[in-house]
Structures are given as structure tokens and as C-alpha cells.
Amino acid sequence: MSVSHASIHPVEDPTTTDGGNNNAPGVRMKDIQGMPGTKGGLALRLSQFVFAVTALSVMASTSDFASVTAFTYLVAAASLQCLWSLCLAIVDIYALLVMRSLQNYRIVISFAVGDGIASTFTFAAACASAGITVLIDNDLDSCDDNHCLQFETATAMAFISCFSALPSFLLNFWSLASR
């Protein structure tokens with residue numbers, strides 16, 4: 001795994017008046033909570049994972065989700081979001097345990113691209129599932145014959161999972177743009 005190493009930047013030595021007893025802190029990269037390798041980033045990853053697992057399990061618990069393509073797409077997108085979030089949560093845990101910064105350009109770009117792809121798939125699947133759920137509930141009035149509550153719950157959890165991935169994506173994208 002390619003992790004970033006501390007960079008050394010030329011910094012002027014401040015003049016001291018106490019005979020050279022300088023206890024200034026070392027140069028450190030600015031880690032904003034929510035970025036990879038921070039406690040906030042881990043919290044975002046775990047919330048993405050929990051909401052995606054909830055959407056996946058609620059939708060898969062219905063017997064007739066496979067009969068509608070949008071619901072099958074939601075299961076596939078939630079599965080992708082679960083795997084992506086779990087893998088990055090493990091990387092975040094590792095980075096926190098060994099106290100390493102994950103601000104390497106390649107790592108940040110892969111996190112940003114992966115977050116963008118996974119959240120776009122999840123958002124598209126949630127939108128499609130919401131459309132079918134509205135069709136079943138409001139237009140066809142056949143909620144009594146279907147599992148509308150489970151469909152609505154799974155769709156809502158997919159939306160929340162997608163929106164919890166958004167801060168991570170935006171912070172990674174901002175980090176790339178500010179280099």
C-alpha cells in the first residue's frame with residue numbers, strides 16, 4: 001500500500017530569546033475530519049456501510065423484488081456501496097492505528113473516483129426505486145398486494161447512504177483541486 005510520508009518544507013527558524021529552548025511543533029499536514037484516515041472519515045464510511053446494508057437487507061427480504069428491474073438495480077448498487085464502504089473503512093482503521101496520513105495523490109484520487117462512482121450508482125438506483133414505489137403506491141393503488149413499506153424503507157436507506165458518501169467525495173475532490 002502506498003501511503004504518504006512526511007514532507008519537509010523549508011521553514012525559517014524563529015529566533016528565540018530564551019537561549020535556544022525551542023519547543024515548536026513539527027510541520028504536519030492538515031487533516032480535515034471526513035477525509036481518509038481521520039476519525040470523521042471512518043464515521044462517514046461506517047454510516048455509508050450501515051445504511052447500504054440496511055437498504056440491501058430490507059429490499060432482499062421481500063420475495064418479489066427480483067420482478068422489478070429497478071429494485072434489482074438497487075440491490076446491486078447497495079451491494080457495491082457496502083463493499084466499497086467496508087473496504088475503505090478497513091483502510092481508515094488501519095491508517096488510524098498506525099497513525100499514517102492518507103493524503104497521497106493516488107490514494108485521494110482513487111477515493112474520490114470510487115466515492116463518485118459508488119454514490120452515483122446508489123443515487124440512480126434509489127431514484128429508480130422511488131419512481132417504481134410511487135407508481136405502485138399512488139398510481140396503481142396496489143400497495144396492499146405488494147411490500148410498499150419495505151420498498152420505501154429500502155429506498156430511503158439508499159438515499160441516506162448516498163448522501164452520507166457526498167461529504168467524503170467533496171472533501172477528497174476539494175483536496176485534489178487545492179493541490
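The backbone N, Cα and C atoms fix where each Cβ goes, glycine too.
Residues or ranges marked as compositional bias 'Polar residues' in TrEMBL: 14-24.
The domain 'Casparian strip membrane protein' annotation in TrEMBL covers 35-163.
The region 'Disordered' annotation in TrEMBL covers 1-30.
Residues annotated as transmembrane segment in TrEMBL: 42-61 (among others). Counting residues 6+ beyond its ends, the transmembrane segment (42-61) has Cβ neighbours under 8 Å at 34, 71, 74-75, 78-79, 81-82, 85-86, 88-89, 92-93, 96, 122, 126, 129, 150-151, 153-155, 157-158, 160-161, 164-165, 167-168 in the same chain.
Summarising the annotation, TrEMBL assigns transmembrane segment to 73-97 (among others).
TrEMBL lists 109-136 (among others) with the feature transmembrane segment.
Sequence-distant contacts of the transmembrane segment (156-177), counting only residues of its own chain at least 6 positions beyond either end whose CB sits under 8 Å from a CB of the stretch, comprise 32, 34-36, 41, 44-45, 47-48, 51-52, 54-55, 58, 74, 77-78, 81, 85, 103, 105, 108-109, 111-112, 115-116, 118-119, 122-123, 125-126, 129-130. The feature transmembrane segment is assigned by TrEMBL to 156-177 (among others).
Under DSSP, residues within the domain 'Casparian strip membrane protein' (35-163) fall into helix, strand and coil as 106 helix, 1 strand, 22 coil.
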